[in-house]
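Below is one structure, written out as structure tokens, with a few remarks after it.
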Amino acid sequence: MRGLTLLSLAFLGVCSALTVPHSLVHPRDLEIRHGGIEGRITNGNLASEGQVPYIVGVSLNSNGNWWWCGGSIIGHTWVLTAAHCTAGADEASLYYGAVNYNEPAFRHTVSSENFIRYPHYVGLDHDLALIKTPHVDFYSLVNKIELPSLDDRYNSYENNWVQAAGWGAIYDGSNVVEDLRVVDLKVISVAECQAYYGTDTASENTICVETPDGKATCQGDSGGPLVTKEGDKLIGITSFVSAYGCQVGGPAGFTRVTKYLEWIKEETGIYY
């Protein structure tokens, strides 16, 4: 089994400091370098206005320390994101209808009392959380993404083409203008992901994609959506990448949404 290292938010120099092969990290926890491509979906394409109406930028705060994640609108009052994004946060500001995250259509701020993490979340497993929001009306720039149906809960999505989206890096005390990017990726088998990261990390609760030509999710994309190209269903939540960097070719890992459809239904009443 491959080694596993889980890094803290304050960790720096991740690519040079690790010696364990095929370690991984939450994208939230990678070092941020201003001015480089590390802060966004790597080697993706700029999103057009209204192309990804279901994504929200999520700016989280803990005692004045800020970090950036993504999330997906699944209902008028619900956003789905990664549990590791909400860990330790006192509040979250949600940016709706934005291509440039400094220019959202509107914004809501909610306290941590509105966070519902999956009860068995630990480290890398069960990495999902709900955020209860004020009511949001849908239109061309702001809309929900549908979950897979309960009948589709056993679909592996292996070899399906999917799309990830995100803005990228959190910022260190400065307002860096970032534009929303998208990238098309292909789902690989759980066995392929386990061969790279080990079975403790890439469990049946994980869905992985290959990252050819440096195309991948990266820091700041945590919690963002992975959506099927055919049918537009939310099947993954950005969770982890190789700790050696986003462009080294290691699989990118997402929380497998179909494993949690019943829990989401119980908490929100949303199901298909």
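Each Cβ is built from the backbone N, Cα and C atoms, and glycine gets one as well.
Here is what Swiss-Prot says about this protein:
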type	residues	note
ACT_SITE	His84	active site, charge relay system
ACT_SITE	Asp127	active site, charge relay system
ACT_SITE	Ser222	active site, charge relay system
DISULFID	Cys69-Cys85	disulfide bond
DISULFID	Cys193-Cys208	disulfide bond
DISULFID	Cys218-Cys246	disulfide bond
DOMAIN	41-269	domain 'Peptidase S1'
SIGNAL	1-17	signal peptide
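According to DSSP, Ser222 (active site, charge relay system) is assigned to coil rather than to any helix or strand.
DSSP assigns Asp127 (active site, charge relay system) to coil in the three-state reduction, placing it in neither a helix nor a strand.
When secondary structure is read from DSSP and collapsed to three states, Cys193 (disulfide bond) falls in the helix class. Here the Cα atom of Ser222 (active site, charge relay system) is found 5 Å from that of Cys69 (disulfide bond).
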